[in-house]
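Chemist: Annotation source TrEMBL lists transmembrane segment at 59-76, 88-107, 119-139, 151-168, 208-228, 240-259, 265-286.
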Amino acid sequence: MTLKRFYTILSAMILVNLLYGPLVRATDSGLACPDWPLCHGKFVPEFTFQIFMEVGHRYYSGILGILVGIGFVWILKNPETRKSLGVPASLSLLFLISQVILGGLTVTKLLHPTTVNLHLLNAVLLLSACVTIRLSLAEDSLGTKFEWNRVGKYYFVIVLLAVLYQLFLGGKVSSHYAGLACPDFPTCHGEWFPQMVGTIRFHMEHRLFGYLTALLVLSLSAYSILTLQNKTVKQYLKIAAYLISFQIFLGAMNVLYHLPKLITGLHTLNGVLVFLFCYMAAFHHFRTNKKEVL
């Protein structure tokens, strides 16, 4: 197996876990095991559905941790890959360690909103580090290097930060059980601008900033089509535009159908995919060949 294929598989597996984790949350399985790292004091406890969800998530995450460690050693043992990929490989290991710590704290702190949110965002950063390695190993990235002074550079950064912050706001909605604080859509209790109190505030912040984020992603996609020549960047941003539109649909379905578990999980995963495609577009935008005409 090549290093490129290894990180393709690893990145895909992390994406699966970014669906699995929200499903653990959606099925109220997060505290099915009140202790950590064991479950009711056992490595293999007596299984109920919720224990199966929580323990399965832990086991699967453990496999991912081993694979991240293998990738780190694989990269560092080769002088060439160590030089070119040492930084993202080291970051992936750092994010792995912090993810393990946050996973434990999520249980021991009884699903405290801060640890739950950080657990999600850190998983996205771990995915980003692994995807960075995978993209760097692609043929169209060979012989290129990072160039900050690119047209539209701040546009890309703003969109990436906006999508990441929107994921954070979504985590706040989930961790504060605010998903149905507004039981209707697109209004909230029949009002376009309700009083921002209690869980309604978390819900409306996520909803309103989601509209802004959608506009940013859609406008960046249009900007790339009209002004940029890199076909890969354009294609990734087109996909991001489709995904952000689908994300609004999933968010509405979440409310109108009272948080169906699968849709709740897909809403989180799709949000991560929006970030991922914007990130991959930015990666190629900032690493395109110097000779390319903008």
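Backbone N, Cα and C atoms are what each Cβ position is placed from, and that goes for glycine too.
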Chemist: Compare 59-76, 88-107, 119-139, 151-168, 265-286 by their Cβ pairs under 8 Å to the transmembrane segment (208-228) and return the stretch that comes out on top.
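Modeler: Answer, by Cβ pair count: 151-168.
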Chemist: If we skip the immediate neighbours and take only residues 6+ beyond the ends of the transmembrane segment (265-286), which ones have a Cβ under 8 Å from one of its Cβ atoms?
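Modeler: Sequence-remote neighbours of the transmembrane segment (265-286) are 15, 18-23, 26, 120, 124, 127-128, 131-132, 135, 140-141, 146-148, 150, 152-153, 156-157, 159-160, 163-164, 166-167, 170, 174, 217, 220, 224, 228, 230, 232-233, 236-237, 239-240, 243-244, 246-247, 250-251, 254.
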